[in-house]
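The structure appears below as structure tokens.
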Amino acid sequence: MSSGTLYALVSTAAWFCSSVLISVYNKWMFGDGLNFAFPLFVTAYHQACLFLFSFIVLLAWPKLRRAPKLAQSGVFQQLAIPLFVFVGQMLPCALASAGDIGLGNASLRFIPLSLFTMVKTSSLIFVLIFGLYFRLEKFRWRLVVIVIIMCVSVTMMTMEPVAGDDVPVNRDHSFGLFLLLFASAILGLRWCFTQILLKKSEFSTNSILTIFYLAPVMAAFLFLFALALEGWSNFMLLPVWEEQGLMWTWALMTVPAVLAFMLTVAEFQLLTHIQLLTLSIAGIAKEFITIATSAAIFGDKLSVVNGVGLTITIINIMYYNYFRYTENDRTVKYTPVSQDDTLGKDIELDDQ
């Protein structure tokens, strides 16, 4: 086994583990497990932690900083960003990211983790729609069919149980599903903004730099939303502060921030070592693992209709990847992760 293959396998394992652990941990934290029902405040804190973690990494590894021509300058000069670049490039991506993460975490208060995982796969619909709008994707009728089938299957996935089903009805499901579908739509917009950012900005040559510039903005906006929607006094009067103690509660809030940082770094490493097609298929496997983990830990149950909808969705995603694989005669479009890469360059898939 080559060192590159081994490195990709290690990155994939880190990506799988961190993603599944974050989903399970957030469900426990925001749900009945810890009953820490303030996801916006917690997510704002996580983003502040990501900013701190990325800054520490940039201090420790100067090569990750931007602008080699400023190598003799101080760290703050190397990391400084013009206001027009910040407003025009970083701010839209940060706002979309904040909306996606905040609304997604908020939805976990109302729906099971298995349903959360299934509905999140619908983000592909919005990725295609916004990709067409921003001309990151070419219009093809086959893509339209894929999107229509995806809409139908997601509707089946999100159907609430009716009387007589073995799955208990939760009256808050509708609100949770609305939050999650809105988050999935914002995720599609976030994906487009990120692609544009990676192609055009010298300030996003690696994931650490991107986190450094986006995380503080996301933390600020999530904190403002939390003040308006959740209330600072309600947050501080939570029983968990007395039940668990200040330091232990702080530690419980910090654990998923560490996992989120690991997840982001692992995704970047995968993008530099394996094809996007392979990563997407690996993501499908990750969804199954998350659903199985949720069922084992929380006892989540699916109706027959939910299961059929999930199956159709997964098959549709696999066909979408097959379509992307065949349309370019065994080539896939490679999204550059640094300015050194050629924009729009095609990379041949390995036959192995």
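Glycine is treated like the rest: Cβ placed from N, Cα and C.
The transmembrane segment annotation in TrEMBL covers 7-25 (among others).
Summarising the annotation, TrEMBL assigns domain 'Sugar phosphate transporter' to 10-321.
The transmembrane segment annotation in TrEMBL covers 37-59 (among others).
Proximity of distant same-chain residues to the transmembrane segment (79-98), defined by a Cβ-Cβ separation under 8 Å and at least 6 residues beyond the stretch ends, is recorded for 47, 58, 65-66, 186-187, 189-190, 193-194, 196-197, 200-201, 203, 212-214, 217-218, 221-222, 225. For 79-98 (among others), the entry in TrEMBL reads transmembrane segment.
Annotation source TrEMBL lists transmembrane segment at 110-134 (among others).
Per TrEMBL, the feature transmembrane segment maps to 141-163 (among others).
For 175-193 (among others), the entry in TrEMBL reads transmembrane segment.
Residues or ranges marked as transmembrane segment in TrEMBL: 205-227 (among others).
As annotated by TrEMBL, transmembrane segment applies to 247-265 (among others).
Among the features that TrEMBL reports, transmembrane segment is placed at 277-298 (among others).
As annotated by TrEMBL, transmembrane segment applies to 304-323 (among others).
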Could you check if the transmembrane segment (175-193) is in contact with the transmembrane segment (110-134), meaning 3+ Cβ pairs under 8 Å among residue pairs at least 6 apart in sequence?
yes
Whole-number mean of pLDDT values that fall within the domain 'Sugar phosphate transporter' (10-321):
79
Do any residues, 6 or more residues outside the transmembrane segment (205-227), come within under 8 Å Cβ-to-Cβ of it, and if so which ones?
38, 40-41, 43-45, 47-48, 50-51, 53-55, 57-58, 64-66, 79, 81, 86, 90-91, 93-95, 97-98, 101-102, 197, 235, 261, 264-265, 267-268, 337-339
